[in-house]
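Asks: Dumping the structure here so I can ask a few things about it.
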Amino acid sequence: MTELPPPAAKKLGLVIDLDTCVGCHACATNCKEWNTGGHLGPLPDFNAYSAGAEGVWFNRVHSYEAGEGEEGRTVHFPRSCLHCETPSCVTVCPTGASYKRAEDGIVLVNTDTCIGCGLCAWACPYGARELDEDEGVMKKCTLCVDRIYNETIPEPQRQPACVITCPVGARHFGDLGDPTSKVSRLVAERGGYDLMPEMGYAPVNKYLPPREKPPMRAHSLEEAAPTGMDIKNPLLRWLDRALSR
Amino acid sequence: MNPAPSIVFFTTASGAGYGLLFWLGLLRAFGLTPTSPAFGLTALVLALLLITAGLLSSLKHLGRPERAWRALSQWRSSWLSREGVAAILTYVPALLFGLGLLTGNGALIAVMGVLAAAGAVVTTWCTGMIYASLKPVRQWHQPMVPWGYLLFGAFCGAALLAALAAPWGQANLPAVLAALLGGGAIALKRAYWDAIDAPKPADAPSIESATGLGRIGRTRPLDPPHTEQNWLLREMGFRVARAHRAKLRRLTLGGFAIATVLALAALPLPGAAAALALLPAAAVALAAMLVERWLMFAEATHTVTLFYTGEG
């Protein structure tokens, strides 16, 4: 049913720390690895070993420059489904294949009933949905619904593949509907924000901004000017001393 | 947005077909078209052929066309589903209207003609709303868009009806309608282009709001997530060259204007001679519509490109 369920108390989602992310693409790679055998797998690849290689990924890591000069920052930015609270990708679906789970808010696609019209991808401002041109149906991040509730894997591993693989701990998974959860506290402490809030989709996933840099130490002119001791060549250093007398 | 040929053909053909069905049903109900069953049936068959060819073409756009019937289920929330339901329901009065024409049943013609006309309006409105409801595509998320679908469909339909009615010497009313709607189409298209060319409002989505990095400063892409294409970029990153865009806009307006002038030129001409002006008028109107629909897609930008290029 593509009508949205009533707002649920539980809102599972990700919190992504842009201060810590090093842009290694491990989250995207492990996402592809897990999900090609997971709930929405396989994820197709075309021309995988030649020019023009492309395929379906649920997570893609962009890198940006923000700000100018000394204030400028390089920021690595993983982009995936934000499991919005009011996702148009669900309500535009003509078949009911695109749905938001009432129990935890995860947005999923039923690939058995999807007709591959692509309208949900047009309706998503974030580019979270990609058409599987092999199968003719839409695919998207499942928040690793097949890991987080999976009782056949050890409990510490019941997290999305992108979270568990991040080498710097920049990705956090939890219930953003519970204000006392670790992720909600993190969002409150670090000023976590929504992407494109003006679109009104109310994303569940939050991004933590890069921390502010400590103020630059002011260099005095004297400090900046070279002294005789900066001259490495002993002959020239002696010459400098002789001329300075 | 990628102007997929199947969708460009669908909205042009079905739009014109519903326009023809609208004017035929409405005018015939009030006895304002030739009353010969041959005329009515020819026009009805042409309308249903255009509608059906368009709908079949739209199925080619689907990844799994054999599941298309499932699209009829979500009419409560989805404009695409509503369009499908309305399209199928409209066949019922349209075919009963045909039965009325065959049997010469005046009451059936009148009632079903009006119902078929209403079905044509509802279906075309749903088509327009599919696009107008998409917030991430700023050029489509405009109040003018669904009205445009109605107006352009009515314009093509009136031009077709005029061409068909000419041999019966009763083309003047649809020809006047086509000319009026042609003028309206030119005005609406110009207003639409003015609206989408206007500078974006300050609160429009930007790379800064898409990434949230505006708090640091001006943001620009440094490294892309992938060096090759992907479906997102092929589907939503389509760009039309500025020079081509300007030419295609002139071609669209030129086509609308020629069709309008030809429709007016046919007014003083007797039956068969009027057909010589009205047939090309309908052909030019449809050709200009194809260009307009292609541009409607090609000019539209999607917010996902903000992440890739910083522009959208």
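Even glycines carry a Cβ here, placed using N, Cα and C.
Caution: TrEMBL annotation is automatic and unverified by curators.
What TrEMBL lists as transmembrane segment is B:7-26, B:38-59, B:80-102, B:108-132, B:144-165, B:171-188, B:248-267, B:273-291.
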Asks: Are there at least 3 C-beta pairs under 8 angstroms linking the transmembrane segment (B:273-291) and the transmembrane segment (B:171-188), leaving out pairs fewer than 6 apart in sequence?
Replies: yes
Asks: Looking only at the recorded stretches B:7-26, B:38-59, B:80-102, B:108-132, B:248-267, which one has the largest tally of CB-CB distances under 8 Å to the transmembrane segment (B:144-165)?
Replies: B:7-26
Asks: Taking a Cβ cut-off under 8 Å, which residues six or more beyond the ends of the transmembrane segment (B:248-267) line up next to it in the same chain?
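Replies: Hits for the transmembrane segment (B:248-267): 155, 159, 162, 166, 171-172, 175-176, 178-179, 182-183, 185-186, 189-190, 193, 240, 274, 277-278, 280-282, 284-285, 287-289, 291-292, 294-295, 298.
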Asks: Do any residues, 6 or more residues outside the transmembrane segment (B:273-291), come within under 8 Å Cβ-to-Cβ of it, and if so which ones?
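Replies: Hits for the transmembrane segment (B:273-291): 8-9, 12, 15-16, 152, 155-156, 159-160, 162-163, 166-167, 169, 171, 175, 178, 182, 248, 251-252, 254-256, 258-260, 262-263, 265-267.
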